[in-house]
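See below for the structure under consideration.
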Amino acid sequence: MSSAGGASATGAARLADRSALAAAGRVVVKVGSSSLTTPSGGIDDARLIALVNALAERIQSGTQVVLVSSGAIAAGLGPLGLARRPRDLATQQAAASVGQGLLVARYTSAAAAHGLTVGQVLLTADDVIRRTQYRNAQRALERLLGMGVLPVVNENDTVATAEIRFGDNDRLAALVAHLVHADALVLLSDVDALYDGPPSRPGSRRVPVVTSAADLDDVVIGGSSSAVGTGGMTTKLQAASIATGAGIATVLASAAQAGEALRGDDVGTWFSPTGARPRTRMLWLAHAANPLGRLVLDAGAVAAVVKRGASLLPAGVVAAEGTFEAGDPVDLCDETGHAVARGLVNYSSAEVPELLGRSTRERLDALGPGYDRVLVHRDDLVLLPRRRPAGPVAPSASSSREHAVMP
Ligand SMILES: Nc1ncnc2c1ncn2[C@@H]1O[C@H](COP(=O)(O)OP(=O)(O)O)[C@@H](O)[C@H]1O
Ligand SMILES: N[C@@H](CCC(=O)OP(=O)(O)O)C(=O)O
């Protein structure tokens, strides 16, 4: 497969500029609800077909494409007689259940016109952060691409409860791009680029290229002009930051210019790769996990984890909060309450209090075999980029969230 700019179908290569995009071996394209639906909420066939035509052109010229498509909830509104996007979780789940099938049926028939086969991939964030499970998603996507299929990814909104829900497909797409080792991420929206101010504000100008976070210092982000989109420009910039920080070039453009964007024409906003590829699971852990608990570390433990990259031992933990099982994500906080790291804990919240402050020998003597494990192993731990106040701990997965409101 391909190679100007060094892109390959199986190993991501850093793309230097837009011109390298035309030869990218593997691209993740994300399209938002507002670009796929009519103002009344139904699927806009003409726009969906135009998008698939642009993707088919790239696939036929040798690029592997993963499509992350929003629109399930919006597509379910009409058939359920709903006038607008529901606020409650259960009705959103119902709308997504009805709409996702309709959406994929439309993609299937539009792709068939090009001799292409579509495969549906529904992800939950919770699945993918667990070591035993994220490889499943990776393997399935890899095989689909190897078989020439166009995977159409969405969050599994129908079963994703509030505490495990990812919530926006912009960041999901950035993580999928990392998961499949994509060369580039293309975010397609109802707006044709990032502007230095809300596009509705007279005088706002297109930002053609972003090479570092400093280029965003003077950019003003407004609200979303769409009734069906979720994250607005904020989540697109977060997605661009996640992807470029992992070495993946990102383009933001309008869905109407998908073909031009994928060809590397001077449309939209180009975000240059800034960082190197981190471990997949760690990226998901940092950006996709909802911590179910919080461990408060003494100063020595903070230094050991943050400065020396050590595992967290129970002896350095002064308190634990939340309800969690072994294997769940928890935040590691300093004594002022700032989260410094996130990790998968090796014991349940019922077991932790007995372990705190005890050395390995004391734990073994008092509690018996099996209690010599560290609390959070260094391989299951990711440092958070900047110290941030710990967010509210999500309720445990078993608690009832029937009336929760989604973002
Ligand atoms: N500085 C900005 N540059 C570009 N678009 C912006 C900016 N600030 C706010 N927006 C708005 O972000 C919106 C895109 O987000 P959203 O509606 O969530 O799209 P999607 O459904 O494609 O995810 C656009 O409607 C645009 O009006
Ligand atoms: N998973 C949801 C979409 C979530 C989302 O991020 O929407 P959008 O802001 O339109 O990209 C759905 O399919 O309705």
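Heads up, the Cβ atoms here are built off N, Cα and C, so glycines get one too.
TrEMBL assigns the feature region 'Disordered' to one of the listed ranges (219-239, 324-344, 345-365, 387-407), namely 387-407. Checking the binding-site residues D157, D190, M233, T235 against ligand 1 with a 6 Å cutoff on the Cβ atom leaves D190, M233, in sequence order. The local packing around K30 (ATP binding site), expressed as other Cβ atoms within 10 Å of its Cβ over all shown chains, amounts to 29.
DSSP assigns N169 (substrate binding site) to a helical segment in the three-state reduction. Fewest other C-beta atoms within 10 Å: among the binding-site residues D157, D190, that description fits D190. Taking all protein chains in view, 23 other C-beta atoms sit within 10 angstroms of the C-beta of T235 (ATP binding site). Taking a Cβ distance under 6 Å to any atom of ligand 2 as the criterion, the binding-site residues S70, D157, N169, M233, T235 reduce to S70, D157, N169.
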